[in-house]
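In case it helps, Swiss-Prot gives these features for our protein:
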- Cys143: active site, nucleophile (ACT_SITE)
- Cys388-Cys392: disulfide bond (DISULFID)
- Asn173: N-linked glycosylation site (CARBOHYD)
- Asn195: N-linked glycosylation site (CARBOHYD)
- Asn259: N-linked glycosylation site (CARBOHYD)
- Asn286: N-linked glycosylation site (CARBOHYD)
- Asn342: N-linked glycosylation site (CARBOHYD)
- Asn348: N-linked glycosylation site (CARBOHYD)
- 1-21: signal peptide (SIGNAL)
- Asp162: site 'Important for catalytic activity' (SITE)
- Asn320: site 'Important for catalytic activity' (SITE)
- Arg333: site 'Important for catalytic activity' (SITE)
Amino acid sequence: MLGRSRLALVLLAAAVSCAVAQHAPPWTEDCRKSTYPPSGPTYRGPAPWYTINLDLPPYKRWHELMVDKAPMLKVIVNSLKNMVNTFVPSGKVMQIVDEKLPGLLGNFPGPFEEEMKGIAAVTDIPLGEIISYNIFYEFFTLCTSIVAEDKKGHLIHGRNMDFGVFLGWNINNDTWVITEELKPLTVNLDFQRNNKTVFKASSFAGYVGMLTGFKPGLFSLTLNERFSVNGGYLGILEWILGKKDAMWIGFLTRTVLENSTSYEEAKNILTKTKILAPAYFILGGNQSGEGCVITRDRKESLDVYELDAKQGRWYVVQTNYDRWKNPFFLDDRRTPAKMCLNRTTQENISFENMYDVLSTKPVLNKLTVFTTLIDVTKDQFETYMRDCPDPCIGW
């Protein structure tokens, strides 16, 4: 067994290697060009479209989708169970999840509880495990989101969904287990009422909150995790203990997409609503200057950083670190994203080269499940599953 000093040296060497890799080829690369329309080894394929009929009872809304995706959902749920059982081999944790979790968490707001019950029934997966599957998006979402404004005042919103860090590494093909298992679950969703689109979103089958979406002609919205000592674990503990005056962040995002009727209304709700976990809300509108990053603590807004093209701020970039702080030295996606945007210039920013920026390592990395591009005014919403072949950084 390694002595403490030798172990410390090994860990230090590993950290230094990762830090260097963040800023050196082949782990990074010059800004990609001409990657759109998507093709080649970093492109897994387009996300399929499904319609969610909001006129149906919540229990039945996800039936068609979950009939198709139940086998893939069972795979990822079993992987999560196996990881838990690795640390607690007795199986007691999963027994508590299956038997006690629904009662501990109590009633969820709005339609969400009935929707999860419907998903559990269709997939034959215990409700506690479906709830756990919905909860864990509050903790493991590492993403890059960008809103950019061109010289004509036109807005483009892009995001990489990075998910699955530390949730199992496959040594046979150098990939994150959960990241790979999420790709077959990636879907585009058209939420309709009276046969008309209310909003569109990209998500994972089985998850009833939303992390990425837009309301055609009005606004676009993405959600990134924010690391904080006063984090989501405390929010969930408060919820279990009966203090339920805060919203689950994925449920809030979906509620805003479904009900808000303007950029300003969405911004106001996202800024003021109490939430269970700290988060970044990246919001884009339909006219010049309507783009911002809302940095949220659980109880209040800490910062609203807005586009201001007249002052040279024609884009906002958000990863998983407060903009006024340096990113973690092992995980700097902000710097290469900004570098590629600056090289692109406001004169040339477009749907196509937004995809270029999001395809450049390490903005694209082993955790990247999908890339979404949004043009609110043109009603464009495209989601593509991604791969990052070696050499590629783990996050």
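Glycine residues also receive a Cβ, built from the backbone N, Cα and C atoms like all the rest.
Structural setting of the listed features?
Counting every protein chain shown, 24 other Cβ atoms lie within 10 Å of the Cβ of Cys143 (active site, nucleophile).
According to its DSSP assignment, Cys388 (disulfide bond) is coil.
Long-range neighbours of Asn173 (N-linked glycosylation site) (same chain, six or more residues apart, CB within less than 8 Å of its CB): none.
Cβ neighbours within 10 Å of Asn195 (N-linked glycosylation site), excluding its own Cβ and spanning all shown chains: 8.
Long-range Cβ neighbours of Asn259 (N-linked glycosylation site) (same chain, at least 6 residues apart, Cβ-Cβ under 8 Å): none.
According to DSSP, Asn286 (N-linked glycosylation site) sits in a coil region rather than a helix or strand.
Sequence-distant contacts (6 or more apart, same chain, Cβ under 8 Å) of Asn342 (N-linked glycosylation site) do not exist in this structure.
Proximity of Asn348 (N-linked glycosylation site) to non-local residues of its own chain (separation of 6 or more, Cβ distance below 8 Å) is seen for none.
All protein chains shown were included, and the count of other CB atoms within 10 Å of the CB of Asp162 (site 'Important for catalytic activity') stands at 29.
A coil conformation is recorded for Asn320 (site 'Important for catalytic activity') in the three-state DSSP classification, outside any helix or strand.
Around Arg333 (site 'Important for catalytic activity'), taking its Cβ as the centre, 27 other Cβ atoms fall within 10 Å, counting all chains.
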Of all the recorded positions given, namely Asp162, Asn195, Asn286, Asn320, Cys388, which is spatially nearest to Arg333 (site 'Important for catalytic activity') at the Cα level?
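For Arg333 (site 'Important for catalytic activity'), the spatially nearest of the recorded positions is Asn320.
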Between the Cα atoms of Asp162 (site 'Important for catalytic activity') and Asn286 (N-linked glycosylation site), what distance do you get, rounded to the nearest Å?
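Cα-Cα, rounded: 26 Å.
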Rounded to the nearest Å, what's the C-alpha distance separating Asn195 (N-linked glycosylation site) and Asn286 (N-linked glycosylation site)? Just drop the number here, would you?
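About 24 Å separate the Cα atoms of these two residues.
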State the count of C-beta atoms found within 10 angstroms of the C-beta of Cys392 (disulfide bond), not counting that atom itself.
21
Under a three-state reading of DSSP, tell me whether Asp162 (site 'Important for catalytic activity') is helix, strand or coil.
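SS state of Asp162 (site 'Important for catalytic activity') = strand.
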